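**Q** Got a structure here, written out as structure tokens. Questions coming.
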Amino acid sequence: MMKNYPLSYQAVDKETEAESHYILSQHNSNGYTVGAPPKKRLTEEFSHTFREFFFHDDPLYQYKDKSKIRQCWLGLQNFFPILEWGRRYNLKMFKGDLIAGLTIASLCIPQDIGYAKLANVDPRYGLYTSFVPPLIYALMGSSRDVAIGPVAVVSLLLAEFLRREFDPTKNKEEYLRLAFTATFFAGITQSILGFLRLGFIVEYLSHAAIVGFTAGAAITIGLQQLKGLFGITKFTTHTDIVSVLHAVFSNAHHGALKNPKIFWVAASAPLISVIVSTFFVYITRADKDGVKIVGHITKGVNPPSLDKIYWSGPLLKKGARIGIVAGFVGLTEAIAIGRTFAAIKDYQIDGNKEMLASGVMNIAGSFTSCIVATGSFSRSAVNFMSGCHTTVPNIVMALIVLLTLEVITPLFKYTPNAIISAIIINAVIGLVDLGAAFKIYKVDKMDFLACMGSFLGVVFKSVEVGLLISVTLSLAKILLQVTRPKIFVLGNLPRTTTFRNIEQYPEAIRIPGVLVIKVDSAIYFANATYIREKILRWLRDEEDLNRHHGLARTQHLILEMSAVTDIDTSGVHEIEELFKILKRLYIQLELVNPGPVVMDKLLSANFIDLLREEHLFVTVGDAVAHCFAKSKDQEEA
């Protein structure tokens with residue numbers, strides 16, 4: 001029976017140990033040696049790096065061996081996916097899309113009014129945002145399920161940033177102009193990211209940070225709706241939970257709570273609740289008794305707003321700053337939604353196409369009186385469950401909104417704000433994903449800290465602080481993983497030539513006199529010193545174990561480098577330093593399976609000449625067999 005020694009040092013029965021040592025001593029690589037890659041010119045290296053950075057998915061492959069006409073057609077399809085799937089479109093697909101479009105239209109109209117009020121603009125601007133942007137996305141988007149329009153999180157973010165520059169009531173025109181300017185720059189940001197294929201930048205917001213940020217924003221949005229729900233006239237301009245609750249409790253005697261018969265009607269589905277509540281407010285004239293209503297909504301389609309965008313001066317810079325942040329947040333939400341439903345339906349979306357489509361629709365939206373639009377989670381979920389097949393439901397929804405703008409908008413005058421607030425609260429409840437948070441906690445505690453950090457930042461401070469915490473913690477995790485990579489000791493699985501992590505495989509045998517260490521990361525200036533020091537600490541601990549158990553001292557240190565994808569000059573320098581330190585300790589360094597990039601740089605730095613090729617091996621088994629042979633030769637000598 002095995003005994004458990006410190007640091008997972010395992011003792012095995014003599015027969016198993018002897019058998020394992022014999023198998024290893026007889027192992028050979030059949031003459032294979034670590035190969036040196038062909039030397040590349042600087043231009044070739046730069047070209048390869050450039051392609052992998054910007055064109056890792058090889059987007060030009062589809063144009064290979066095609067005629068010029070075919071290439072032009074494929075290029076058009078690349079920018080307008082509707083040209084590709086439109087040829088296969090049929091009546092059955094249209095029926096599903098029509099039902100989905102009508103369904104999301106019934107949801108979007110009350111939501112648009114609510115999200116416009118959340119952004120502190122007139123309700124019609126929310127409706128405008130569900131007309132022009134969805135039409136453009138239907139032509140350019142690659143997701144079949146994403147439904148476009150204003151969303152709660154981005155509307156809240158716009159309100160918080162814009163309100164710092166202008167009061168939405170006293171400086172209504174300036175506030176609106178800055179909103180259009182921010183929308184324009186959100187579109188510019190998204191278009192540039194898509195056109196230059198820089199979608200990876202969005203990935204710096206981790207899933208955990210997004211879960212926390214979205215949940216925090218949902219709670220903040222829900223708290224903001226207490227103003228409309230309770231009919232509070234004087235409300236705080238701050239978004240943190242303490243300020244909002246203080247405003248609610250200090251004004252609880254005002255507003256709609258005086259007439260509970262009007263207030264409870266918010267229990268039905270969004271559009272039905274709007275129709276019913278509007279009807280009752282109109283026939284009872286409850287607005288004269290203190291019930292706050294939406295008020296007049298100007299009838300008509302989107303007016304042009306190109307002349308309202310700030311094209312110069314300090315407000316141009318402020319609009320650009322707000323737009324860049326809103327563009328990033330909108331992209332993160334839209335791509336996450338698109339990928340979620342694409343995974344369920346087993347199809348692929350192109351992140352760069354999504355960015356370009358989002359950018360173009362927001363640029364067009366800024367010219368047609370729209371605020372920032374992106375993929376809506378609630379609408380997209382309804383779209384998905386309604387059986388959509390293509391982006392046509394966005395067209396159907398846009399046409400219903402157009403009909404609403406031209407004919408129905410005056411009827412929303414008597415819609416109570418309490419109903420709109422209840423609809424928004426109902427929409428954002430689903431953004432608080434407790435199941436995802438619990439799963440993050442179980443899987444990765446560091447991710448959970450990022451999740452809670454961004455959540456608490458939004459709830460107790462502001463959306464801006466929460467977003468800053470999200471990005472900071474996401475980058476901090478990357479930095480931590482880069483600067484503190486995984487380094488572990490390998491042991492031999494009994495009666496095999498396989499070596500595995502001794503923490504994962506407690507039965508693995510540590511070879512006396514030989515320490516096998518694996519580095520599970522590229523070696524850069526940021527982690528090279530840590531890796532050298534960590535290896536030396538492992539060596540120190542190994543020597544302590546050897547003395548404790550009366551075993552022979554370590555004579556060989558085998559460095560398994562198959563997971564080392566790259567190394568820079570600092571990394572090469574630290575490997576050289578490790579070699580020199582080990583040499584002074586009469587320990588031989590053996591390298592196993594360095595990859596082509598690493599091997600090329602070690603050769604260029606003349607380190608292989610210093611180490612000698614006889615200490616390079618294809619597998620750990622080869623290296624251990626070599627160590628056994630050396631030990632045997634020394635014993636015989």
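Each Cβ is built from the backbone N, Cα and C atoms, and glycine gets one as well.
Where the annotation comes from TrEMBL, it is an automatic prediction and has not been curated.
What TrEMBL records for this protein is below:
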TRANSMEM  98-116  transmembrane segment
TRANSMEM  136-158  transmembrane segment
TRANSMEM  178-198  transmembrane segment
TRANSMEM  204-223  transmembrane segment
TRANSMEM  262-283  transmembrane segment
TRANSMEM  322-344  transmembrane segment
TRANSMEM  356-378  transmembrane segment
TRANSMEM  390-412  transmembrane segment
TRANSMEM  418-441  transmembrane segment
TRANSMEM  448-476  transmembrane segment
DOMAIN    504-627  domain 'STAS'
**Q** Taking the transmembrane segment (178-198) as reference, which of 136-158, 322-344, 390-412 has the most Cβ pairs under 8 angstroms?
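**A** Checked against 136-158, 322-344, 390-412; highest Cβ contact count belongs to 322-344.
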**Q** Average the pLDDT scores across the domain 'STAS' (504-627) and report the rounded value.
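**A** Within the domain 'STAS' (504-627), the model's average pLDDT equals 90.
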**Q** What else in the chain is close to the transmembrane segment (322-344), if you only count residues 6 or more beyond its ends and a Cβ gap under 8 Å?
**A** 142-146, 151, 153-154, 157-158, 161-162, 178, 181-190, 193, 199, 202, 205, 207, 210, 214, 351, 354-355, 358-359, 362, 372-377, 380, 384, 464, 467
**Q** Could you count the residues of the domain 'STAS' (504-627) that DSSP puts in helix, in strand and in coil?
**A** 63 helix, 21 strand, 40 coil
**Q** Cβ pairs under 8 Å only, please: of the recorded stretches 98-116, 356-378, 448-476, which one is richest in them relative to the transmembrane segment (418-441)?
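**A** If we count Cβ pairs closer than 8 Å to the transmembrane segment (418-441), 98-116 scores highest.
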